[in-house]
Amino acid sequence: MAGPDQHYEPAIDKRDFDDHRPLLHDIDTGIDGTGDGRLRSDSRLSAFRNLDGGSDGLLNDVVDEIVERDRRKMAMEVMRVCSFAVGVISCLGAGSITAFSLYGPLFLTRLHYSQLQVNAVSIAAEISMYLPVPLFGYLCDRYTPSPLALLSGLVFGGGYLLAAFAYRSGPLPEAGGEGWPPWVMVVAFVAIGTATSCMYLAAVTTCAKNFGRGKHKGIMLAVPIAGFGLSGMWQSQVATYLLCERREDGSRGDVDVFRYFLFLALFLFCLGVIGTFGLRIVDEEEDQYIDEAVEELERSGLLEESEFFRPRSEVQAAYGTFSDAADGDAPGPELSLTLSEEEREAARLEKEREEEERRKKNWLLNFETRLFLQDQTMWWLAVGFFLVTGPGEAYINNLGTIIQTLTPELHPPNAPSPAGLPSTHVTIIALTSTIARLLTGSLSDFFAPPATHLFPANIESGRRSSQSGPTAKRPTLSRLAFLLPSALLLSLGYLLLSSPLPLQHPGLSHVTTALIGLGYGSAFSLVPIIISVVWGVENFGTNWGIVAMVPAAGAAMWGVIYSRGYQDATDGGNGSPDGQCHGWRCYGFWAVGCTLSVWVAVVAWILAWRGWRRRGVVV
């Protein structure tokens, strides 16, 4: 029993309630009729209201945070898609050098360059296009693609302007003209080649970093690379049908090289400015790649624990376990900081954190570059790429003169060549290489097994567990299973060219061009994809830039071999009064050498594949 000075708290039973009585009626009036119960009830209701208001505030905060997170995620997706679109557009313009064979023969007939001088111009462009790629890739990895895009626009504009006025100056002095010396044209095409690599690498690196870990990384890389091949096609058509000379009867003649170069100078300058603002790498994705790469190196044992990856705050905290505030309740000096001092301290810590992240990123990328260069399989891959792309570059650059060698010497001068127009062959090689790049990129995505050597175990296990039943049972094919047959198609094109058939049936040269376009496009699509799969995307610009140097040497070597054979055949009795060569000797031995080169490349790639399989690397 309760004492007289104690409040009686009645027991509540479900039978004490009816439908017409307030739930707190007895408590509000009190058992003895006083208002004490109401006071306690008021405080209790106030607490309930405060709790309810706090819950609403917390819920609103959670909702606002979710909305803000979704907004940021949507903004990043929009940025990623827009950057991809700008990257594809940049590649659609960057490959202007692939239309060199459209106006290369005019350097022979209009400017009276020798075949060696024409090849010197094309080789200078090839070397300047490929040799600086590691430097530009390094800048893309450590900074952003935007400065490279701006540089490409400026250099493109200056290079094509110089080439336009060098062509307009006319024939060489030794041919009775007042034209500028050939080295001026060489300088112009060195600038054009440099700008080509700038714009191409800025666009491809942006796409690789923004989509490098998705399940569609192959097609997202193949599309801009395919756009690079298509640029020569549409630009050659514009030159042939819009920027061409007109004969007296109103028919179309040769391309107006001066106007064509002016058009490219203005167009590519504007494209570089657009890329400056449009090529963006989503920072969150890049930070994720860096962190995952560090974790993978630590798990593999290649990266031992180092004080370099310990933030300075952790090192400083190791000097003392307890703070001064733990010794007593007296406020320490830290508690007396003003708001401005706290803000400065927070800014200093944030700056230190950003500096640590930057140093970590640079150290990791340099470390991965060393690992890449020490990998023997990389060298086999690069050797094969050298042996495949060198003949391909030489064929594309000399396509115009190869067509003329298949034309009978007694053929009417103004009649179309039975082997086809240079613009037609440029279009064929652009279309076939584009189809090959898109097909190999998409099919390799569909059939290639999932990579397990670059992801942390928990991420990859989650991906495997999320796969559906039909996907798990789908047959898998390595990307090398697409690369090797493509190389054999390429060798078949050279083998057909080296046979007597194209001389008897010049129309077969279209088949040769199509086969070479298929093999050449597949190599340029699959090799960067393989590099991103085997060595990751965090250092993709540098890694791909190192391998992308080798076509420069290949193009120079096979270009010199072709021009030497062409000139020897011309001097040996196969030349015509206009300086052009006709017959098998002009190109035959070169075509045989290209066939053998591609076969050796297949062997080198098989050796690289064996090395990856031995290490458990899924390609």
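Residue 1 is the first one shown; counting continues down the chain.
For all residues, glycine too, the Cβ spot is worked out from N, Cα and C.
Swiss-Prot has this to say about the protein:
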type: TRANSMEM; residues: 88-108; note: transmembrane segment
type: TRANSMEM; residues: 120-140; note: transmembrane segment
type: TRANSMEM; residues: 147-167; note: transmembrane segment
type: TRANSMEM; residues: 184-204; note: transmembrane segment
type: TRANSMEM; residues: 219-239; note: transmembrane segment
type: TRANSMEM; residues: 261-281; note: transmembrane segment
type: TRANSMEM; residues: 377-397; note: transmembrane segment
type: TRANSMEM; residues: 428-448; note: transmembrane segment
type: TRANSMEM; residues: 480-500; note: transmembrane segment
type: TRANSMEM; residues: 515-535; note: transmembrane segment
type: TRANSMEM; residues: 541-561; note: transmembrane segment
type: TRANSMEM; residues: 589-609; note: transmembrane segment
Take the transmembrane segment (589-609) and find every residue of the same chain, 6 or more past its ends, with a Cβ under 8 Å from one of its Cβ atoms.
377-378, 380-381, 383-388, 390-391, 394-395, 478, 480, 483-484, 487-488, 490-491, 494-495, 497-498, 519, 558, 561-562, 565, 619
When each of 261-281, 377-397, 428-448, 480-500, 515-535 is checked against the transmembrane segment (88-108) for Cβ pairs under 8 Å, which one has the most?
261-281
Short question: which residues 6 or more past the ends of the transmembrane segment (480-500) have a Cβ under 8 Å from it?
384, 388, 391-392, 402, 436, 440, 443-444, 508-509, 511-516, 518-520, 522-523, 526-527, 530, 584, 587-588, 591-592, 594-595, 598-599, 601-602, 605-606, 609, 619
Suppose I define contact as three or more CB-CB distances under 8 A, residues 6 or more apart in sequence; do the transmembrane segment (147-167) and the transmembrane segment (261-281) meet it?
yes
Taking 184-204, 261-281, 515-535 as candidates, which has the most Cβ pairs under 8 Å with the transmembrane segment (219-239)?
515-535
Return the stretch with the most CB pairs under 8 A relative to the transmembrane segment (428-448), choosing among 120-140, 184-204, 515-535.
515-535
Does the transmembrane segment (120-140) reach the transmembrane segment (261-281) with at least 3 CB pairs under 8 A, where each pair is 6 or more residues apart?
no
